[in-house]
Amino acid sequence: MAAEAPSWHEGMSSDNIKGLVLALSSSFFIGGSFIVKKKGLKKAGASGISAGAGGFTYLYEPLWWLGMITMIVGEIANFVAYAFAPALLVTPLGALSIIISAVLAHIILREKLHIFGVLGCVLCVVGSTAIVLHAPQEREIESVTELWQMAMEPAFLLYATLVITCAIILIFHFIPQYGQTHIMVYIGVCSLLGSLSVMGVKALGIAMKLTLSGVNQLVYPQTWIFAIIVATFLLTQLNYLNKALDTFNTAVVSPIYYVMFTSLTILASVIMFKDWDRQSPTQVITELCGFVTILSGTFLLHKTKDMVDGASTSSPIRLAKHVEEDGYNGLEGIPLRRQESMRS
């Protein structure tokens with residue numbers, strides 16, 4: 001008699017399943033928060049200096065705070081997910097937030113979504129599923145000092161140094177010159193620092209889990225150092241993500257940010273936690289194929305924004321300067337701050 005086929009979750013630990021559920025919940029909240037925050041930024045920009053132009057009037061807009069609270073709820077769920085599951089499982093599930101934000105942007109913000117954009121959403125789901133089914137088990141950590149030793153290894157120190165150096169160069173050299181016209185500048189800062197903040201968030205999540213289980217980690221200075229690092233990087237990310245959302249199309253910002261952030265986070269996790277050391281070559285290749293599938297989906301979401309109007313053959317972002325001069329507001333991809341100035 002043939003043996004009964006195992007169910008899909010038998011290869012996953014209980015911790016991985018908890019992390020999966022939390023990561024999915026996080027994606028729903030974060031995907032919706034992009035839209036609510038964008039509505040708040042648009043409303044604030046109409047009555048004052050927009051975030052893309054260096055203003056902070058959005059801090060007085062209740063709608064922006066509602067979006068912020070929604071994002072915080074999602075980030076808390078994401079924070080807890082990292083305490084139970086490896087970054088290779090949790091981070092790629094952010095593709096779901098791209099789908100949610102793209103669909104809601106189409107419905108609420110009237111940012112058109114091409115049929116190939118829908119195909120991109122499907123590819124994101126397929127790629128995420130492949131990664132979930134082949135994700136590594138979470139590594140057993142007994143103390144935050146063990147995490148600190150991982151962070152102090154030469155390979156990860158080299159990665160962290162390169163990331164911080166690149167972020168500083170982008171902030172002080174490229175953003176003043178190209179921030180309003182090149183979307184990769186703002187998103188580059190968010191993604192680079194985000195990969196380090198996720199490692200810090202995972203360390204804090206594990207420390208909190210151990211503390212709640214009776215092994216107090218708050219007595220170790222490393223716990224508080226991780227907390228300071230996370231707070232600093234998250235505040236910096238928030239600032240430049242606001243600028244990107246206020247300046248460029250939401251359906252473009254979300255997928256590009258996801259691709260860069262996820263790629264760098266997986267790289268950081270592989271270096272620090274050595275996730276692939278505990279997997280077979282087949283599992284690693286399957287995860288890479290799943291990730292490439294996600295990249296293909298986000299690429300479609302990005303490129304099809306140039307196709308929705310069909311009136312131009314070049315990128316709407318690059319045409320922003322001519323749009324401003326001619327007063328034409330038909331392109332979805334032009335910087336938001338210029339749209340607001342035209343309305344007034």
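Cβ atoms here come from the backbone N, Cα and C positions, even for glycine.
Note that TrEMBL annotation is computational and uncurated.
With a cut-off of 8 Å between Cβ atoms, the residues of this chain six or more beyond the transmembrane segment (17-36) that come close are 9, 63-64, 66-68, 70-71, 73-75, 77-78, 80-86, 89-90, 93-101, 104-105, 108-109, 132, 138, 245, 250, 253-254. If you look up TrEMBL, you'll see 17-36 (among others) marked as transmembrane segment.
Per TrEMBL, the feature transmembrane segment maps to 63-84 (among others). Listed as Cβ neighbours of the transmembrane segment (63-84) (distance under 8 Å, sequence separation of 6 or more from its ends, same chain) are residues 15-16, 18-20, 22-23, 25-30, 32-41, 43-44, 90, 97, 138, 198, 201-202, 204-206, 208-209.
For the transmembrane segment (90-109), same-chain residues at least 6 beyond its ends with a Cβ under 8 Å from one of its own Cβ atoms are 19-20, 22-24, 26-28, 30-32, 34-35, 38-39, 74, 78, 81-82, 117, 121, 124-125, 127-128, 131-132, 198, 250-251, 254-255, 258, 261-262, 265-266, 269, 290-291, 294, 297-298, 301. Annotation comment: TrEMBL describes 90-109 (among others) as transmembrane segment.
Within its own chain, the transmembrane segment (116-136) has Cβ neighbours under 8 Å at 8, 11-12, 16, 20, 85-86, 88-89, 92-93, 95-96, 98-99, 102-103, 251, 255, 275-276, 278-279, 283, 286-287, 289-301, 303-305, 307, counting only residues six or more beyond its boundaries. Residues annotated as transmembrane segment in TrEMBL: 116-136 (among others).
Annotation source TrEMBL lists transmembrane segment at 156-176 (among others).
Within the chain, the transmembrane segment (183-204) has long-range Cβ neighbours (under 8 A, six or more residues past its boundaries) at 78-79, 82-83, 87, 91, 144, 147-148, 151, 160, 163-164, 166-167, 170-171, 174-175, 223, 226-227, 229-230, 233-234, 236-237, 240-241, 243-244, 247-248, 252-253, 256-257, 260-261, 263-265, 267-269, 272, 317. Residues annotated as transmembrane segment in TrEMBL: 183-204 (among others).
Taken from TrEMBL, the feature transmembrane segment applies to 224-241 (among others).
For the transmembrane segment (248-272), the list of distant contacts is 34-35, 38, 86-88, 91-92, 94-95, 97-98, 101-102, 105-106, 109, 111, 113, 117, 120, 150-151, 153, 155-156, 159, 163, 183-184, 187-188, 190-192, 194-196, 198-199, 202, 241, 291, 294-295, 297-299, 301-302, 305, 316-317, 332-333, 335-336: same-chain residues at least six beyond its ends, Cβ to Cβ under 8 Å. Annotation comment: TrEMBL describes 248-272 (among others) as transmembrane segment.
Taking Cβ pairs closer than 8 Å, the transmembrane segment (224-241) reaches residues 144, 147-148, 167, 175, 186-187, 189-190, 193-194, 196-197, 200-201, 203-204, 207, 218, 257 in its own chain, all 6 or more past its ends.
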